[in-house]
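If you check TrEMBL, you get these features:
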BINDING   D482, N509, G511  Mg(2+) binding site
DOMAIN    241-356  domain 'Thiamine pyrophosphate enzyme central'
DOMAIN    452-575  domain 'Thiamine pyrophosphate enzyme TPP-binding'
REGION    1-23  region 'Disordered'
Amino acid sequence: METSIGSVDAAKPAPNGMVGSPPSATAHPITPCLPAAAIPSECTLGGHVARRLVQVGVRDFFGVPGDFNLTLLDHLIAEPGLNYVGCCNELNAGYAADGYARAHGVGACVVTFTVGGLSVLNAIAGAYSENLPLICIAGGPNSNDFGTSRILHHTIGLPDFSQELRCFQTITCFQAVVNNLEDAHELVDTAISTALKESKPVYISISCNLPGIPHPTFTPEPVPFSLSPRVSNKMGLEAAVEATVAFLNKAVKPVMVGGPKIRVAKAGDAFVELANASGYAVAVMPSAKGLVPETHPRFIGTYWGAVSTAFCSEIVESSDAYIFAGPIFNDYSSVGYSLLLKKEKAIIVEPDRVVVANGPAFGCVLMKDFLRELAKRLKKNTTAYENYQRIFVPEGQPLEAAPKEPIRVNILFKHIQKMLSGDTAVIAETGDSWFNCQKLKLPDGCGYEFQMQYGSIGWSVGATLGYAQAAKDKRVIACIGDGSFQVTAQDVSTMIRFGQNPIIFLINNGGYTIEVEIHDGPYNVIKNWNYTAFVEALHNGEGKCWTAKVFCEEDLKEAIETATGPKKGCLCFIEVIAHKDDTSKELLEWGSRVAAANSRPPNPQ
């Protein structure tokens, strides 16, 4: 019997935030079902769920207790391989599971029925948009209440318990409502395996009276969790490679661009293999930053249309052939649909499909298999990179700050750049941090995450908590705007509680700057907080925490020296006071183009 997990045995957490396969399980013999009287007390639904989470690689899960999930939580925390991280609210628990999945390969959160489930929805939707395997478990009503006309608390006052399920159906790839023990084993295993195979969130509801009841299907030594490896259609793969080779080998100056779906395809290594073999210039889409090594000798930067890094868009858009691996072309990544690309010049490689220019298309072809086979067949062509070298002019440095001059954001990021190493990871919040962090040059091994497709402000606080909990070998550097921070600030206390040591740069410029540059109004101004005092209140003398308020470059240097020196074992919160109009030039350009796309008049009817 096949007992290996996933398509890669003994997989390790992948570098640069790539979602990897869970670790392989130890093979166990199949234990015959026992008579009901002889079923050990540990053979319960709660114990089975806990063991499955451990088998697929979950070490920490995030949640908020509620009366419908308390018994389930008892069984989960009784599992030695699981650690419960209690969050301040369900939204942050979901964001934390998202960040954990980015660093570790799979994440999990546990909430209570409806009031918890509906609170976590936004985070689960974000994980769905970013193709993250996340297991969301909700404690559900007592199994005896299903099919009755009873009205329960935590509901909208109707004898219909399906509201939560219906909400999750559009933002998860599988939903399991476990309200009897006969099919519980199958439902739980199907949900977890679907999350891993599809690299999307799943929803599991477990009736509150079931976790502690023994059942014959939950044996002490269950059949190990396993997934059948996905394979490419051999003929389709050969045909796709043949058509692509014919297309690219006749091109004069082809280029490669990495997209965010490299993560879900687990094709990062294959992409680098192709880059090495082909000689092509290599760029990434903004949402793929961190998935491709920026130290590659032919890396030319971020391709983001009009707000690309210097000289990158000119090389990509003037190419006569480009291969995009795992792209997502939305209004944000296309800068208001303004990319100067032509379909007839493009090879689009999806996780399991390849489209060559205007056709043909080849299905059942896995990205990593395709890229590796392509690497064996392409002629080496360095023309595009040579053209890049001819036009490239090194970036200038920001103007030196005068003594005690109010700090500028470009000065801040000059110093953040110096902090980066293979032992750090960057979390960039939605806002101007997107654009400033995009210009950071990542050393080998430096993690990088942001949520571009969903773009939910406040995501970064929970994501920092989850990422730091998973990647304990890295120090997380989070860049968060004041408006975003106000949405989810409470769980800084959870970071302190669990002894985490991220460095949080709170950029206080008085409002929702990214919205200002799209469409300004009085609603973009927020109430200012004393942020350092707020974090000190969360600290409350328990755990390790240090705060600083920065007004000028001298303050910043001193704060960074302290955070990376005597306070390196603490959570360090550095509030940077910035001018409300101090934005990157990229945000100004991007904002105007997105505003133009948003304000297009209706087409004539």
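Placement of Cβ uses the backbone N, Cα and C atoms for every residue, glycine included.
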Under 8 Å by Cβ from D482 (Mg(2+) binding site), counting only residues of that chain that are 6 or more apart: L506, I507, N508, N509, G510, G511, I526, N528, W529, Y531
Local confidence of the domain 'Thiamine pyrophosphate enzyme TPP-binding' (452-575) - pLDDT mean: 95
Extra residues within 8 Å (Cβ to Cβ centroid of D482, N509, G511), Mg(2+): G481, G483, I507, N508, G510, Y512, T513, I526, A578, K580
G511 (Mg(2+) binding site), number of other Cβ atoms within 10 Å: 20
Other CB atoms, at most 10 A from the CB of N509 (Mg(2+) binding site): 21
